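A.B. asks: Relevant sequence annotations retrieved from Swiss-Prot are reproduced here:
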type: BINDING; residues: Gly7, Tyr8, Ser9, Gly10, Arg11, Met12, Gly71, Thr72, Thr73, Ser95, Tyr96, Asn97, Phe98; note: NAD(+) binding site
type: ACT_SITE; residues: His127; note: active site, proton donor/acceptor
type: BINDING; residues: His128, Gly137, Thr138; note: (S)-2,3,4,5-tetrahydrodipicolinate binding site
type: ACT_SITE; residues: Lys131; note: active site, proton donor
Amino acid sequence: MKYGIVGYSGRMGQEIQKVFSEKGHELVLKVDVNGKEIKDSPDVIVDFSSADALPETVDLCRKYKSALVLGTTALKEEHFEMLRELSKEVPVVQSYNFSIGINVLKRFLSELSKVLSDWDVEIVEAHHRFKKDAPSGTAILLKNALGKEVPIHSLRIGGIPGDHVIVFGNVGETIEIKHRAISRTVFAIGALKAAEFLVGREPGFYSFEEIVFGGE
């Protein structure tokens, strides 16, 4: 598989390159703040950079007919409209979190929330000091899985890759569910799974959850 990375010089870009290369895939396109380096047409482009970079990423996908794996957070409706239009031409997958564990947790929470519908519930998320958006896209993803408005408490401290705690409370008892990303490698592994899934697929807007659960 030939692939490209938008945000190549960033922390996630470097992690993606490492994980993809270990599987024998060929990096043929690099994009970062210093410009572009293109060797060949990529089968898939992976972008974990910033929402501001999305228009250029979409243009590259159209130019090379590349599938898109998008892990950028803080997207607005205008960005989703761009993705919907692009998905008519190439396969696209977008997620605020490419951890397999988070996507399993998301499905679990949607069921648990039905059983504990009268319980209080809040979310606490912590990330490294350089993360710009708060609450995190993952916290919003988990809130949406709960199916109701819940308070989200955000911490930006140190070098934490990503902690998410969901606390359910009732009179006399609490349930705490925690997911911790130990390193950024988990997100790169998820991006690889998504990229390998998309190559050769028909155009469309795919979810990472359906990739994790085999199209259920």
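Backbone N, Cα and C atoms are what each Cβ position is placed from, and that goes for glycine too.
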A.B. asks: Helix, strand or coil for Gly137 ((S)-2,3,4,5-tetrahydrodipicolinate binding site)? Use DSSP.
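C.D. replies: Going by the DSSP assignment, Gly137 ((S)-2,3,4,5-tetrahydrodipicolinate binding site) falls within a helical segment, counted as helix.
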A.B. asks: For each of the binding-site residues (Thr73, Thr138), count the other CB atoms lying within 10 A of its CB, then report the residue with the highest count.
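C.D. replies: Comparing the binding-site residues Thr73, Thr138, the most crowded Cβ belongs to Thr138.
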A.B. asks: Considering only the recorded positions His127, His128, Lys131, Gly137, Thr138, which residue has the minimal Cα-Cα separation from Gly7 (NAD(+) binding site)?
C.D. replies: Lys131
A.B. asks: Run through His127, His128, Lys131 for me and report the recorded positions whose CA is within 10 Å of the CA of Tyr96 (NAD(+) binding site), in sequence order.
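C.D. replies: Correct set: empty; none qualify.
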A.B. asks: Considering Cα atoms only, can you say which of His128, Lys131, Gly137, Thr138 is the nearest neighbour of Thr73 (NAD(+) binding site) among these recorded positions?
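C.D. replies: Nearest candidate: Gly137.
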A.B. asks: If we count other C-beta atoms within 10 Å, could you say which of the binding-site residues Gly7, Gly71, Gly137 has the fewest?
C.D. replies: Gly137
A.B. asks: Taking just the CA atoms, what is the gap between Ser9 (NAD(+) binding site) and Lys131 (active site, proton donor) in Å?
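C.D. replies: So the alpha carbons of Ser9 (NAD(+) binding site) and Lys131 (active site, proton donor) sit roughly 16 Å from each other.
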A.B. asks: Which whole number of Å gives the largest C-alpha distance between any two of Gly7, Tyr8, Ser9, Gly10, Arg11, Met12, Gly71, Thr72, Thr73, Ser95, Tyr96, Asn97, Phe98, the residues noted as binding NAD(+)?
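C.D. replies: Result: 21 Å between the two most distant Cα atoms.
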A.B. asks: With an 8 Å cut-off on Cβ-Cβ distance and a minimum sequence separation of at least 6, pull the same-chain contacts of Arg11 (NAD(+) binding site), or say none.
C.D. replies: Arg184
A.B. asks: What residue among the recorded positions His127, His128, Lys131 has the most other CB atoms lying within 10 A of its CB?
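C.D. replies: Answer by Cβ density within 10 Å: His127.
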A.B. asks: Please determine which of the binding-site residues listed here (Tyr96, Phe98) has the lowest count of neighbouring CB atoms within 10 Å.
C.D. replies: Tyr96
A.B. asks: May I ask you to report the DSSP-based helix, strand or coil state of Arg11 (NAD(+) binding site)?
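C.D. replies: The three-state answer is helix.
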